[in-house]
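Visitor: Shown below is the structure under consideration.
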Amino acid sequence: MTFNNKTIEELHNLLVSKEISATELTQATLENIKSREEALNSFVTIAEEQALVQAKAIDEAGIDANNVLSGIPLAVKDNISTDGILTTAASKMLYNYEPIFDATAVANAKTKGMIVVGKTNMDEFAMGGSGETSHYGATKNAWDHSKVPGGSSSGSAAAVASGQVRLSLGSDTGGSIRQPAAFNGIVGLKPTYGTVSRFGLIAFGSSLDQIGPFAPTVKENALLLNAIASEDTKDSTSAPVRIADFTSKIGQDIKGMKIALPKEYLGEGIDPEVKETILNAAKHFEKLGAIVEEVSLPHSKYGVAVYYIIASSEASSNLQRFDGIRYGYRAEDATNLDEIYVNSRSQGFGEEVKRRIMLGTFSLSSGYYDAYYKKAGQVRTLIIQDFEKVFADYDLILGPTAPSVAYDLDSLNHDPVAMYLADLLTIPVNLAGLPGISIPAGFSQGLPVGLQLIGPKYSEETIYQAAAAFEATTDYHKQQPVIFGGDN
């Protein structure tokens with residue numbers, strides 16, 4: 001059997017009853033990955049040997065009947081460290097990097113009995129919004145292989161949407177979980193900054209990065225967040241987990257919940273069919289008893305400019321460590337130390353990564369720091385204050401995840417600004433450190449449309465409550481791409 005139509009709870013029951021073993025489930029998952037991989041290119045590394053060793057150990061120890069994730073396979077984005085499994089960040093620079101430790105999020109998942117089956121493809125060093133900047137080639141959209149899957153967590157989203165795996169981990173710096181979740185018609189959550197440890201995540205923008213879960217349904221997404229969230233002494237920005245169970249409000253009604261709909265999120269640049277889908281979703285929330293009202297987030301229009309200054313500046317600093325000396329790619333044509341640095345970085349980094357390093361270095365340089373980086377920080381504060389004003393009166397914010405559905409592969413590669421604008425609606429959430437989720441809300445041109453719900457810090461359980469209420473009364477999450485197939 002392929003098991004790709006079974007929910008996590010259904011798989012758990014099969015494992016506990018010993019109708020299947022963790023090894024059999026892992027083998028079936030590996031076959032699902034391999035059978036779809038040529039079409040999607042969603043994995044950089046398939047960790048077959050390591051996964052089967054893990055599965056055997058779990059079978060020998062016995063499935064934990066009280067832990068729904070015991071024996072469940074997990075795919076991990078390739079910028080999240082995995083002990084003994086290549087972690088390349090989809091870059092030539094780290095083509096041979098094999099960590100000797102697990103990221104805290106991965107270690108937490110393994111503690112729950114999850115089995116790492118592979119590392120998913122991504123935009124190089126998480127810099128990109130289409131899944132096309134990977135050194136290992138572009139990932140394809142699960143619904144239409146001529147379209148982008150979104151990025152940067154392209155492989156993690158496509159793998160879940162296509163039925164290669166049920167659950168995966170991604171990272172979100174400016175929308176890198178939510179946008180590919182929207183483009184592939186699945187559920188992706190960016191947690192409150194600090195909820196999931198960044199230890200072991202290859203750093204891009206340290207004040208923005210956050211690891212989060214992908215799943216086909218809201219509850220399964222929350223179950224994975226339960227597994228990975230933790231305070232961590234190895235990450236000074238991690239926070240105590242304030243919610244014992246992220247599924248605790250799932251199933252509760254949302255009567256009286258106040259939801260804000262920012263007028264800026266449905267303005268210029270939003271595809272008309274996407275706008276219509278979101279307005280219909282707002283009406284659906286009203287039918288469920290929520291109060292939906294229009295609000296304004298006046299500084300959100302500056303989000304993209306602020307983000308690309310701050311994120312690029314942080315990337316410029318973080319990526320200085322990759323110099324061809326200690327590990328990673330080293331240029332063979334270098335004859336002295338300066339040439340090792342210059343040639344290794346020039347040859348090891350892709351074009352988008354180099355573009356952002358240069359932008360960040362410029363923003364931090366003497367004479368420009370005040371005009372760019374300092375000013376961006378000041379406007380970031382205004383964006384945060386806009387959210388705080390809205391959340392003084394509302395429980396959640398509703399809007400589209402992306403301005404459009406998935407676009408054609410190679411259609412925006414020569415227009416980086418246009419590609420950057422595709423993150424217009426997700427970036428402000430990262431700048432403010434807030435939680436945000438993307439859930440399926442409809443279709444346009446045969447492609448999924450994502451609905452984004454944003455909450456104040458540490459409101460994940462309320463976000464899941466509203467998302468689950470919408471999911472329970474619609475069937476968008478049940479519709480699957482052709483490549484998904486079914487149980488056999």
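Here the Cβ of each residue, glycine as well, is placed from N, Cα and C on the backbone.
Relevant sequence annotations retrieved from Swiss-Prot are reproduced here:
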type     : residues : note
ACT_SITE : LYS77    : active site, charge relay system
ACT_SITE : SER152   : active site, charge relay system
ACT_SITE : SER176   : active site, acyl-ester intermediate
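I'm curious about the neighbourhood of these features; can you describe it?
Guide: According to DSSP, LYS77 (active site, charge relay system) sits within a strand segment. Residue density at LYS77 (active site, charge relay system): 34 other Cβ atoms are found within 10 A of its Cβ, drawing on all protein chains shown.
SER152 (active site, charge relay system) has a Cβ environment of 34 other Cβ atoms inside 10 Å.
Every protein chain shown contributes to the tally, and the Cβ of SER176 (active site, acyl-ester intermediate) ends up with 37 other Cβ atoms within 10 Å.
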Visitor: Reported as an integer number of Å, what is the Cα distance between SER176 (active site, acyl-ester intermediate) and SER152 (active site, charge relay system)?
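Guide: Cα-Cα distance, SER176 (active site, acyl-ester intermediate) to SER152 (active site, charge relay system): 5 Å.
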Visitor: For LYS77 (active site, charge relay system) and SER152 (active site, charge relay system), what Cα-Cα distance in Å is obtained after rounding to a whole number?
Guide: 9
